[in-house]
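K.L.:
Right, I'll just put the structure down here and ask away after.
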Amino acid sequence: MEILLPVLTGILFSVSIYFILHRHLFKLILGLILFGLATNLFLFVVGGMKRGGIAIIAQGNEVPVEPYSDPVPQALLLTAIVIGFGIQAFAIVLIRRVYQTFRSNNMDNLNNNEKI
Amino acid sequence: MLVVLVLCLLFAFFAPRLYRLLGRYVAIPMAILPFGIFVYLLSFFPEVLRGSYIIQLYKWVPALGINLQFRLDGLSLLFGLLITFFGGLIMVYAAGYLKDNPLLGRFYLYLTLFMAAMLGMVTSDNLFCLFLFWEITSITSYLLIGFDNKNVKARSSAWQALLVTGMGGLALMASFILINLATGSYTFTELLAQNTSFSGHSYFAPALILLFLGCFTKSAQFPFHFWLPNAMAAPTPVSAYLHSATMVKAGIYLLARMSPVFAGADAWGYTLVVIGGCTALLGAFLALQHTDMKAILAYTTISALGQMVMMLGLGTTVALKAMLVFLLAHALYKGTMFLAAGAVDHCTGTRDITRLNGLARLMPVTALAATLAALSMAGLMPFFGFIGKELLYEAALSSKIYVWLVFGLTFLTGIVYVAVAVVLSFGIFWNKVKHPTKLEHAPGYMLYLPPFILGFLGVAFGLAPKIAVTPILERAVQSISRGELVELELALWHGFTKELGLSVLTIILGLLLYKALKFVQSRYAILNPVYNLGPERLYHKAFDGFLVFAKKLTMVLQNGNLRRYIIYLILFFSALMFYVLWHDTPHILFASRVVIIQELPFHDVVIFVLVSSALFYLLGTRSRLTSIVVMGLVGYSAALIYIMFGAPDVAATQFLIETLTVVIFVLLLHKLPAFIYLSHQFKKYNYIAISILFGTVMTYTMLVVQDHTIESELKTYYGQTSLLEAHGRNIVNVILVDFRALDTLGEITVLAVAALGVFALLRMQPEKGEKP
């Protein structure tokens, strides 16, 4: 998986950017969500991933036994995922609202502000 | 000095308020200030005359060598006195000239500010301090030229002056930095104290060229002369003060200051002589063809500046003497003529010499002042201008380089000066005609006294140079010739020398030129096509081209289309990454990776295939529900990956969040837009290319990073302390809720805000009467 994950993340990045570049509002949400996912995976890979070795101190020990994975990127990731969710939820609702107001799913039509 | 400058600033910024309080009597305090400073500067006279100089240091940014360090020696004092005395007269004159203008207070603000900057500049010892004041003079000049801000011509001229001198200012700063790097000195005092020239240094040539650029733009030397005639759009007091007597001489001042440092180099002398000579001739030549008094004066000013630059280029002691004497003489007579021209303009409403004649009876004092100045300009016997001209001839004849060229140019410009002087005095005031020009109103004393005082000084200095000006000029020459004290013999009568003969010849030829002026002017039209190719045209082309280019660039880069911004971001980021990866990092050895690929476990391959095929399916599907499901699948797979690599907490969160996202999505599904294809096929290919580029760059980056894993110290630290100090076994959780608890609190806040936003957006109903 160490070799596959960079490729997978790359594909994820490509697809998400392609969706973001789309004019369609729905695809924009998909793109945003996938981009967040890709970024998380990117952080995970760059943080140095190791198979096995959970960062939990076993009963009876005072310090974790090597090999165990680096807890710092994981903590970062947790934060990133949760914040990402906040943004996603807000984006979804916002886009619903925009669609309700403009009755358009084409982002290029949003530039005229007559309807607001 | 600092006190003086601060006082100036105070006066400047209170000027509009004073104007509201005092009305036009605001001129009284504003004129007292420069005269007060004049007296203050005079108090340094004895000390400077003893040959010493005064240094005052106020620390500003000592770490960078930028300090407010002032140096008062002969040259500074000469300029300082000139600036303040002139300033005082101009303040009085302006009150008469702009008496009905409601913006008089603002005018005094700019003018006093300018005076402060000019004073600061000529007394600065620190290079960067000088640069600062230099720039302020450019800016105040801009404000003053554009003072009549409803006039398009004034505005564009102000722009032009600011751009040209501002560009020169930048060059000047670069030059100062280079000089500083090469010599290590920040002040003139240090520079002058260094015995060795830095001409061998590799920075010498660029520093010199940049210095020239700065000084030539400021002093309106060819090919940057064009801004000065345009700057005549300013009110006449400004033209007289800034663009004749003081600011345009800043370049001359700086060149004079620097001449002990650079004078050894051949490039210095030849450049200055050639450029100064060109400017002197060009100015004189162009002056003849104009009929606007201010334009004539502007071009003769350019010519005179060229003369001074040429003299600096010669660099001999007699040339430096001639330069300074001529500078003083020029300031006196040119200032007078400008002020007289302004008075004429004010009283008759025109500045066209063909429509002005016989004014002497109507404005006698102005006529007298203008005539005194004109006689000085022509270089007649008892006037100070005569002494200046004699010295110029002497210096030109003793020139070491291009002696005939230098002398010829000096002689020719001398002839033109005589003709111009006759035009501006005899032609306007004394010419006997049947119908003299009518006055709209008689000049007030504020309009005729200042020019008269200046014109009178021209005679007084000429009659008694020994008492009035010789000592200070001697010290000024001393400060620009490496500290040697030179005897300055200024006298009207030297016996029958060849300079005297040449002076007489100049006057005769000048009078002949005046007679032939009508004929000469009629021939000028042939040259018009040549002027269209001049540097001013280049300036306009560059200016317009720049605007067009900027507009186009903005339209391309920032056209309001957000997707295009994203594309530029991605392309730029990819290019940067590409450069770094290619240039600075070791390349990946793909061969070693092949082994790893062969050893891949089966379930990894399954996840990979599953996710990638899901993504490709997502690209093609038109069903929203399917999209959501597929997206959920991708998210869950990511969670699986987290589990496989020892991150159960992350995986749990990912599962939870993914579920929630899917739920929200499905709940709102019927309110979200349905799919249709919007993009053009061609654009799609562009997008695909960009996306693939970005993905590839990211993949490559990750592969590189994997080759160079680093063991973080934090991991060990948290491992050691998690249980022992924070009493938790799950290290990730301990980090979140203990070590980095404040971060988590922030995160919760963000979520809460997002939740509020979501709630508001869902509940918010459009107000009545509005479209939903």
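Note: Cβ is positioned from N, Cα and C throughout, glycine not excepted.
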K.L.:
Match it up for me: which of B:231-249, B:744-762 does TrEMBL list as transmembrane segment?
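P.N.:
Of B:231-249, B:744-762, TrEMBL gives transmembrane segment for B:744-762.
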K.L.:
For the domain 'NADH:quinone oxidoreductase/Mrp antiporter transmembrane' (B:124-409) and the domain 'MrpA C-terminal/MbhD' (B:610-673), decide whether they are in contact, meaning at least 3 CB pairs lie under 8 A, counting pairs 6 or more apart in sequence.
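P.N.:
These two stretches do not touch.
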K.L.:
With helix taken as DSSP H, G or I, strand as E or B and everything else coil, how many residues of the domain 'NADH-Ubiquinone oxidoreductase (complex I) chain 5 N-terminal' (B:63-108) land in each class?
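P.N.:
For that range the per-state counts are 31 helix, 7 strand, 8 coil.
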K.L.:
Given a Cβ distance threshold of under 8 angstroms, which distant residues of the chain, six or more beyond its ends, lie next to the transmembrane segment (B:442-464)?
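P.N.:
Contacts with the transmembrane segment (B:442-464): 27, 86, 89-90, 92-93, 95-97, 99, 328-329, 332-333, 335-337, 339-340, 342-343, 346-347, 362-363, 365-366, 368-373, 376, 382-387, 492.
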K.L.:
If we skip the immediate neighbours and take only residues 6+ beyond the ends of the transmembrane segment (B:651-673), which ones have a Cβ under 8 Å from one of its Cβ atoms?
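P.N.:
Sequence-distant neighbours of the transmembrane segment (B:651-673): 624-625, 628-629, 631-632, 635-636, 638-640, 642-643.
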K.L.:
Reported in the order helix, strand, coil, what are the DSSP residue counts of the domain 'MrpA C-terminal/MbhE' (B:686-764)?
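P.N.:
Counting residues by DSSP class gives 68 helix, 1 strand, 10 coil.
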